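Annotated in TrEMBL:
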type	residues	note
ACT_SITE	HIS188	active site, tele-phosphohistidine intermediate
BINDING	ARG290, ARG326, ASN440, ASP441, ARG451	phosphoenolpyruvate binding site
BINDING	GLU417, ASP441	Mg(2+) binding site
DOMAIN	10-125	domain 'Phosphotransferase system enzyme I N-terminal'
DOMAIN	152-223	domain 'PEP-utilising enzyme mobile'
DOMAIN	253-524	domain 'PEP-utilising enzyme C-terminal'
Amino acid sequence: MFEQHTVIYGIGVSPGTASAEAVKVLPAPGVDADEPASTDPAADSERIRAAMAAVTASLKQQAETAGPKARPILEATAQLASDRALAKAADKKLTAGAGVTRAVHEAVEDYATILSNLGGYMAERVTDLYDVRDRTICELRGLPKPGVPTIDEPSVLLAEDLAPADTVGLDPQLVVGIITAAGGPTSHTAILAAQLGIPAVVRAEGVMDVPEGTLVALDGGAGEVIVRPSDEEVDEMRRRTERRQAALAESTGPGRTADGYPVSLLANIGTAEDGAAATARDVEGTGLFRTEFLFLDHANAPTLEEQTETYSRVLEAFGTRRVVVRTLDAGADKPLAFANLGEEDNPALGRRGLRLSQAREDLLDTQLDALAAAFEATDRRADLRVMAPMVATMEEARWFADKARARQLPHVGIMIEVPAAAISAKQLLDVVDFASIGTNDLSQYTMAADRMQGALSELLSPWQPAVLTMIRTACRGGDATGKPIGVCGEAGGDPLLALVLVGLGVSSLSMAPSKIPAVRAALHMHDRATCQQMAAYAVDALTAADAKAAVAALANPKLEALL
Ligand code: PEP
Ligand code: MG
């Protein structure tokens, strides 16, 4: 398969084109389920030691050529891979009858528990320990190395799907494109790729069968992947990007419709570095700072000082531009090691977001204290707004607002991402200052379709008339109170859908910075009355496809070149 030129269509989730050789992210191997119990622990112990030695050697070798960021991590991991106590712990498991891969797995698990309990720096090493486990098991099973490989040359990353933690250290200079077989438009692979400005296509079926090292080209806007492209195709893709960029360069400045109705165009960010990068672009501020992204790889809760420093950096970078900070939205698709309330059967319906903050009030209190301190450090000049994720009831909204206001935080808001909040938007907005619609989760919960399940992407489409009706309901609640409602889910970054959202009444759109130019240009081409007409047609449509077709029919034909 894929020995010849092949075109695959997936879902484009981060615009731009790229072509380079493929490198693969392989899943962690796990214990060999068919492995017999150890009958010769001494010989098996030798095998494990040899595997650990091979892992150590390969990590050291990688460290020698790695860049300054990766080198210390690889060296520290190499040290763990040569840890005698770990080998001895595995021996004990062998004597107790475990096979080689199970022995390694169980020994590492025991070790990880000890490190976690020690806390601090030691607990931070658990991720490296799991890396050693996976590499050693691969060595024992004769499988290629798992995880994101160390990349030295510009490459296109191929993966089944990427976990949020996998994407933390990706360097956009080296990872020039991402293609996944699974995932959907609101999965975190998609969000992070767009955040980093890396062209990406998800749901490209069969892409993991493309051999490592094969030349691949992708168009993250159109969702097109070409395996073994011709030189002409690579050139054509490049020209496509150039044409699009030239068209986009024509519109600059604040977001507004053709007749001047203002719609703030804001950037979604996940780190202080994202924030600094966003301020260099033509954006009016940040409409969603996903603070949980700061801590995806932390074993311990971040301290007050650590958080104050980060938030201060972001506020300083944005000056007097708007900064909407969302308090920790941990749980479900974004698990945090230090905010784990234990296994749940349905994590997306469980104690996540604000519910988790209610169970771990200490985490929220520290975060709000840090935000208040960072705000004071700007002499209260920053345009800081804080909002809570996953709010469902008025009591929750009030509970959060009371806490934020007790710290003199100036603007307090909520996210509307649960249908209950959309339906009760008026009551909720009565106790806060603003709301932001999270269309990713609002689609998931309206349609009862797991956003991590790429196979359900049609149900998850924010073009679904039921989702649009839910958004309209929320906007009507906003109108009734006169308080502003924005959108910060992925829907806001779709130029056509952005017009519908404006027609429904939202006054700001927040998205990955790379998506802002096309949305700005789309707004400039249409007046508000057309947006309202588009919204009315879309909400009344019978299907998602009809909704999109009805809106496209009303759109300026020049918009096509921007998509
Ligand atoms: C959303 O749900 O639309 C949202 C913006 O939040 P997240 O994607 O981080 O869950
Ligand atoms: Mg959400």
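Just so you know, glycine gets a Cβ as well, placed from its N, Cα and C.
Remember, predicted model here, so these are calculated numbers, not experimental data.
Between the CA atoms of GLU417 (Mg(2+) binding site) and ASP441 (phosphoenolpyruvate binding site) there is a gap of 5 Å. Taken in sequence order, the recorded positions HIS188, ARG290, ARG326, ARG451 that lie near ligand 2, meaning a CB under 6 Å from one of its atoms, form an empty set. Long-range Cβ contacts of ASN440 (phosphoenolpyruvate binding site) within its own chain (separation 6+, distance under 8 Å): THR186, ILE191, GLU417, ARG451, GLY489, GLU490, ALA491.
Checking the recorded positions HIS188, ARG326, ASP441, ARG451 against ligand 1, the ones with a C-beta less than 6 Å from an atom of that molecule are ASP441. Looking at ARG290 (phosphoenolpyruvate binding site) and the residue listed as 'active site, tele-phosphohistidine intermediate', their Cα atoms lie 12 Å from each other. According to its DSSP assignment, ASN440 (phosphoenolpyruvate binding site) is helical. Each residue of the domain 'PEP-utilising enzyme mobile' (152-223) gets a DSSP state, and the totals for helix, strand and coil are 16 helix, 19 strand, 37 coil. Counting residue by residue with DSSP, the domain 'Phosphotransferase system enzyme I N-terminal' (10-125) contains 73 helix, 14 strand, 29 coil. For the phosphoenolpyruvate site listed in the record, the two most distant Cα atoms among ARG290, ARG326, ASN440, ASP441, ARG451 lie 20 Å apart. Long-range Cβ contacts of ASP441 (phosphoenolpyruvate binding site) within its own chain (separation 6+, distance under 8 Å): MET390, GLU417, VAL418, ARG451, GLY489. Cα of HIS188 (active site, tele-phosphohistidine intermediate) to Cα of ARG326 (phosphoenolpyruvate binding site): a distance of 17 Å. In the predicted model, the domain 'PEP-utilising enzyme C-terminal' (253-524) has a mean pLDDT of 95.
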